[in-house]
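See structure below.
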Amino acid sequence: MATPYREKIEKMSSEVIDSNPYSRLMALKKMGIVNNYENIRNLSVIIVGLGGIGSVAAEMLTRCGIGKLLLFDYDTVEIANMNRLFFRPEQSGKSKTMAAQETLSSINPDVQFESHNYNITTIDNFEHFKGRIEKGGLVEGEPVDLVLGCVDNFEARTAINQACLELGKSWMESGVSENAISGHIQLIIPGESACFQCVPPLIVASGIDERTLKREGVCAASLPTTMGIVAGMLVQNTLKYLLKFGEVSSLLGYNALLDYFPKDNMKPNPECSNSFCIIHQQKYKEFLKNNPKENLIQNNNNNNINNNEKKSTYENEWGIELIETSEDFNNNNNNNNKPSNNSFEFSYDKKPTVELNEQSTVKVNSSSNLEDLMNQLKNMK
């Protein structure tokens, strides 16, 4: 275990001094963004998978001062992992959980760490994993506050989904595409939003064993930039969810080719194959029936973000004034390269091309449509 570079700090302080690692985090309170940032010390999070997303997410939460992190992985650090963030070459051969805990505890000794070096998909390990969700909180015997899924296969995602459904625990799923140019995060609240099995991926719907698709010498692409962006999206959503500020995204994607961030809300499937999901759906319907004034989580968060924007405009000790919101910016800067809807099926819109001779030219700009192009072609000689 690495020796910490400083003594533990019992209580977060907003005092602006060089030796205070929390002063810039606590400034969020002064800016009117977060009302209770110090509450992060009372929260616990499970991270399953310490790959390109999970390891970076663990570091971010550690630097943010989370109360407790429970780390799950059964893999070892390899030189092939060095194209990503976090792990170092000298840690090669160590279990990812051990290497991660060594690094993270040296970054912030205030955080409690618990590491488990096993595969959660086996029967015995699954029961232990579920037990840590239920009783592995900051105070032993209490549940953790959130589970983050940062795994790269369907089997592990299904195990996390099953454990959280059985316990009624919310979790966030994340992933990056095999070509490394897109990714997503998804908040899964049992009964309120789609669980992982509500809309199964094609590989499962087709009845294919994903293990048969792995070929020797062939691997998925990996970019540290995409991994870092998705990890940032995941932790940002985690902070908003746990500290109750801003708008918590239900489903947020990222397309690196267009720098496009689509959003959507995934409703639960009433014909989901998971019986626990159906039970939670029925409970949530009953809850809404008995509480007609209750809105879905998206509406609640929309109200929160509007209130926070108004508050942060003027109410801070530095007198900083907000002159433009992201909504204003989007309205004033139309980008026709981006689709007008929030479809996650969109990947790349190929620009129209026209073959011309040396004397002929056709001007094509971002606002050109098919009719304009046809008129220009007809006028050519």
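Glycine too: its Cβ is placed from the backbone N, Cα and C atoms.
Residues or ranges marked as ATP binding site by Swiss-Prot on the basis of similarity to another entry: Gly52, Asp73, Lys96, Asn119, Asn153. What Swiss-Prot lists as Zn(2+) binding site is Cys195, Cys198, Cys272, Cys277. Residues or ranges marked as active site, glycyl thioester intermediate by Swiss-Prot: Cys219.
Feature annotations (Swiss-Prot) mapped to structure.
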residue	record	DSSP (3 states)
Gly52	ATP binding site	coil
Asp73	ATP binding site	coil
Lys96	ATP binding site	helix
Asn119	ATP binding site	coil
Asn153	ATP binding site	coil
Cys195	Zn(2+) binding site	coil
Cys272	Zn(2+) binding site	coil
Cys277	Zn(2+) binding site	helix
Show, in sequence order, which residues other than Cys195, Cys198, Cys272, Cys277 on the same chain lie with their Cβ within 8 Å of the centre of the Cβ atoms of the Zn(2+) site.
Leu165, Ala194, Phe196, Gln197, Pro268, Asn269, Ser273, Asn274, Ile278, Gln281
Taking Cα atoms as reference points, rank the binding-site residues Cys195, Cys272, Cys277 by distance from Asp73 (ATP binding site) and give the first.
Cys195
At the Cα level, what's the spacing in Å between Asn153 (ATP binding site) and Cys195 (Zn(2+) binding site), rounded?
16
Cβ atoms near Asn119 (ATP binding site) (within 10 Å, other residues, all chains):
15
Listed in sequence order, residues with CB under 8 A of Lys96 (ATP binding site) and six or more positions away:
Leu50, Gly51, Ser55, Asp73, Asp75, Thr76, Val77, Phe87, Asn117
Cβ neighbours of Cys195 (Zn(2+) binding site) where a neighbour is any other Cβ within 10 Å:
30
Cβ neighbour count within 10 Å of Cys277 (Zn(2+) binding site):
24
Nearest recorded site to Gly52 (ATP binding site) by CA-CA distance, among binding-site residues Cys195, Cys198, Cys272, Cys277:
Cys195
Using Cβ atoms only, which residues of the same chain lie under 8 Å from Cys198 (Zn(2+) binding site) while being at least 6 residues apart in sequence?
Met266, Pro268, Asn269, Cys272, Asn274, Cys277
Measuring Cα to Cα, how many angstrom lie between Asn119 (ATP binding site) and Cys195 (Zn(2+) binding site)?
21
